[in-house]
Amino acid sequence: MGLTPMMRQYLEVKESCKDCILFFRLGDFYEMFFEDAKVASKELELVLTGRDCGLEERAPMCGIPYHAANTYIGRLVSAGYKIAICEQLEDPSASKGIVKRGIIKIITPGTYTDSSFLEENKNNYIMSFYLDDNMCAMSFADISTGEFNSTHSNFKEAVVLDEISKFAPREIVLEENIKESFIHTIKERFPNISISKIKEENFDYNIDNNLKEQFNNFNENEYETIVKKSANGLLYYIFHTQKNILSNINKIDYYSIVDYLTIDVNSRRNLEITENLREKTKKGSLLWVLDKTNTAMGGRQLRRWIEQPLINKNPIENRLNAVEELLNNISLQEDLKEDLKSIYDIERIVGKVASKSVNAKELISLKCSIGKVPYIKKYLSGFKSDLFLNMEQCIDTLEDIHKLLDKALLDNPSLSVKEGNIIKEGFNEEVDSLREAKSNGKKWIASLEQKEKEETGIKSLKVSYNKVFGYFIEITKANLNLVPEGRYIRKQTLSNAERYITPELKEMEEKILGAEEKLIDIEYKLFTEIRDFIEENIDRMQKTARIISDIDCLCSLATVALENNYIKPNINAKDEILIEEGRHPVVEKVIPKGEFISNDSLIDTKENQLILITGPNMAGKSTYMRQVALITIMAQIGSFVPAKKANISICDKIFTRIGASDDLAAGKSTFMVEMWEVSNILKNATSKSLVLLDEVGRGTSTYDGLSIAWSVIEYICNNKNLRCKTLFATHYHELTKLEDNIEGVKNYSVSVSELENEIVFLRKIIRGGADQSYGIEVAKLAGLPSPVINRAKEILQHIEGDKEENSLNIAPSKEYKSKDYIEVSKDTLNTKNNLGSEIKHDTLSETNTATIIEDESTKEHLSSNRKQINCRINDEKSIKKEVAVDSFQINFEYIKRDKIIEEIKNIDILNMTPMEGFNKLYDIINKTKDID
């Protein structure tokens with residue numbers, strides 16, 4: 001039994017899009033079969049049915065109405081799937097055999113343009129990556145807006161990950177033979193990105209001609225070959241999915257990575273630049289604070305400004321001067337903002353023009369938007385700063401386009417461009433004539449209805465229309481006896497009425513419907529001509545849209561500065577960051593107004609190169625460090641900053657090692673990740689960089705951690721090629737001694753007030769190191785039970801009293817009772833031969849107990865050493881006894897060795913991954929380092 005012709009056709013089409021869900025058009029439905037149907041039915045909550053396909057088993061099938069497809073497509077694309085749209089390419093009624101079908105478009109996460117599923121203030125980027133030896137190139141495009149950016153650099157995974165983090169593409173196009181390990185790295189870090197592969201030849205084919213045809217500004221001699229390959233590969237993929245050349249992608253913008261402030265992946269996350277750490281949403285981020293834009297275009301542009309702060313003084317100061325001028329001209333600023341509120345998303349409307357998917361209502365939105373441009377140009381002429389003057393000279397008012405749209409299109413046209421009711425009266429004579437004929441015909445219909453009512457005496461008689469029968473006379477059954485015999489021709493019988501026609505009615509119907517059909521065709525033709533004219537002028541509209549988005553960004557920064565009492569920073573060349581009464585821009589917005597404690601900062605590359613900050617957890621060290629970084633970023637964006645005064649030197653890179661970055665799911669321990677991040681910073685930071693390091697060394701033993709932190713400080717301060725501006729927060733109070741030994745180290749701490757055994761964090765950074773960590777007080781604030789807090793204080797007193805010795809002398813808690821106890825001297829336990837393996841020590845528990853395993857030899861030995869070991873045992877029959885320690889002095893080297901041996905014995909090597917095994921070995925090696 002063979003496949004049916006339709007199913008053979010389906011499988012042939014499916015062969016060309018194996019990685020897609022195929023929407024196969026059958027009549028008024030898109031049908032999915034086999035595995036596609038199973039996936040779609042699950043994701044879209046559709047009923048899974050079956051269809052005879054010529055095989056023994058029915059083909060799994062589900063379907064959706066074609067007119068509702070966009071909603072379902074959006075859900076699938078949002079879930080990361082690719083959709084191939086297979087349409088009927090001929091009229092089924094005119095086809096003698098099976099209807100010809102073909103794929104007209106492939107919709108992927110990176111090429112989706114439906115505005116209802118795109119974030120209006122965020123680009124939907126697709127990226128291509130090309131690797132050649134030790135060089136790599138990357139291109140980023142947003143086909144909904146027409147942006148196309150390319151760059152290249154020496155290949156480092158960190159560089160690529162940084163750019164991915166910056167642009168946040170939904171999809172990455174790679175050469176099909178690229179190493180799977182690299183793909184794994186990308187997916188591990190960015191699990192929501194879709195990966196697509198194309199052949200090597202698609203990056204190379206007809207490269208210069210393709211780029212010249214696509215980009216108006218392309219000069220083959222200006223670009224490295226690897227950049228051209230990356231761009232060509234991305235253009236191929238866009239054409240392959242969209243099935244046509246998109247005219248809104250008409251300019252390639254090359255950028256150098258070193259032209260912008262580098263903020264690596266971890267720092268973007270830790271500083272919460274565009275999204276918060278917990279929910280991964282905009283609220284609580286720097287973008288959330290700064291975004292007061294009034295247009296979608298401005299929102300996207302501001303995000304780009306924040307993702308790519310500047311490193312050249314002139315453009316930074318141009319933005320700052322423009323913001324300052326807006327603040328000095330509140331009236332003009334308000335006029336600008338009011339007109340910006342009326343501007344729609346010109347970039348994405350123009351993108352729909354390029355893809356031939358724009359409708360008349362969207363062109364009316366375009367008309368309204370560009371109608372505001374002459375007013376904006378007039379407002380710009382009232383400013384004097386260089387940036388605004390340049391904008392005023394460059395902005396195109398697009399008056400010819402506005403005039404055409406205003407003259408041609410109805411103010412409230414049909415949503416569909418193939419239903420008529422688009423063209424305004426007076427624009428085209430033929431349209432006016434057909435509309436009159438259509439109108440006259442309908443007037444004739446109305447007069448016919450009135451005449452028939454009068455002549456028959458049937459007041460309920462009506463002349464109606466539907467698409468199946470056309471025009472007809474309808475009379476209810478209650479009035480059929482009033483119908484004159486032979487007056488009408490019966491057309492249709494209903495349960496409660498009869499429908500009739502007359503020759504005159506059918507004749508007029510042909511005239512009316514003929515006029516309507518012709519009118520729809522002519523209106524559509526005129527609409528496409530208008531659309532084509534706009535497409536020819538896309539470049540002009542895009543330039544104007546970019547200027548509008550820049551104006552919107554500047555107005556947003558001015559609004560935020562005014563609302564939050566920001567000041568204009570001074571951009572200096574002294575390699576110095578000097579901030580007076582600085583505030584964290586986000587934290588001050590989420591706590592009650594006026595409660596944020598401001599702090600001063602002075603960091604340079606000489607006497608104040610490394611600011612060593614000590615103090616308890618929860619006191620505000622991390623907030624303070626992030627505050628300095630965010631103020632620096634804001635200044636380099638061109639924003640005013642939250643401070644009383646700010647002198648900011650331009651940084652080339654910002655690095656952070658703040659907070660837990662555990663990546664246990666990827667087989668990486670806390671300490672391993674921490675050391676990798678520190679290593680990355682030390683290798684890539686320069687003397688122009690700003691580095692934030694928080695609790696370096698915390699993930700390992702105390703002495704290992706202290707040693708590493710100490711060494712890192714020395715390396716940063718003593719390496720002449722580094723000496724970067726650094727904020728270093730630590731719990732290791734021993735490091736405060738480095739101020740006297742290393743040039744550039746300065747001690748600071750968070751001020752704490754002690755009142756009647758209570759502490760108050762004053763959140764103020766003061767000169768000098770902290771003398772204690774207040775860990776127990778923090779635990780108390782966190783809500784630990786009082787018995788635990790009180791016992792911790794007792795233990796701390798003993799530890800601090802014995803800290804100069806290699807022993808602990810800790811009295812038992814009075815809350816725990818036992819009849820049995822043992823006194824063990826330090827010297828006895830140091831003599832391994834005295835006790836051998838007869839005494840086994842459990843890990844010290846919360847009850848401070850030890851365990852003794854007794855046998856006859858042990859008793860005899862203990863008896864002979866009564867001067868060394870005084871032991872009172874109440875129940876000699878007991879083999880295992882719990883004893884409370886009255887005065888317990890114990891050699892920790894012995895316990896550690898015993899614990900490590902036990903830990904090694906318990907390792908289940910057969911059920912470990914290689915990475916888990918490596919981490920366990922690394923952990924054990926660290927533990928043995930503490931044993932002499």
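Glycine is no exception: its Cβ is also placed from the backbone N, Cα and C atoms.
Taken straight from Swiss-Prot:
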| type | residues | note |
| --- | --- | --- |
| BINDING | G615, P616, N617, M618, A619, G620, K621, S622 | ATP binding site |
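There are 19 other CB atoms within 10 A of the CB of N617 (ATP binding site), with all protein chains counted. With the fewest other C-beta atoms within 10 Å around its C-beta, M618 stands out among the binding-site residues M618, A619. There are 20 other CB atoms within 10 A of the CB of S622 (ATP binding site), with all protein chains counted. Sequence-distant contacts of K621 (ATP binding site), defined by Cβ-Cβ distance under 8 angstroms and a gap of at least six in the same chain, are I613, G615, D694, A729, V750. A sphere of 10 angstroms centred on the C-beta of P616 (ATP binding site) encloses 22 other C-beta atoms.
Reduced to three states, the DSSP call for K621 (ATP binding site) is helix. In sequence order, A729, V750, F761 are the same-chain residues whose CB sits within 8 A of the CB centroid of G615, P616, N617, M618, A619, G620, K621, S622, the residues recorded for ATP being left out.
Summarising the environment of G615 (ATP binding site), the number of other Cβ atoms within 10 Å of its Cβ, over all protein chains shown, is 26.
Other C-beta atoms found within 10 angstroms of the C-beta of G620 (ATP binding site) number 23, with every protein chain shown included.
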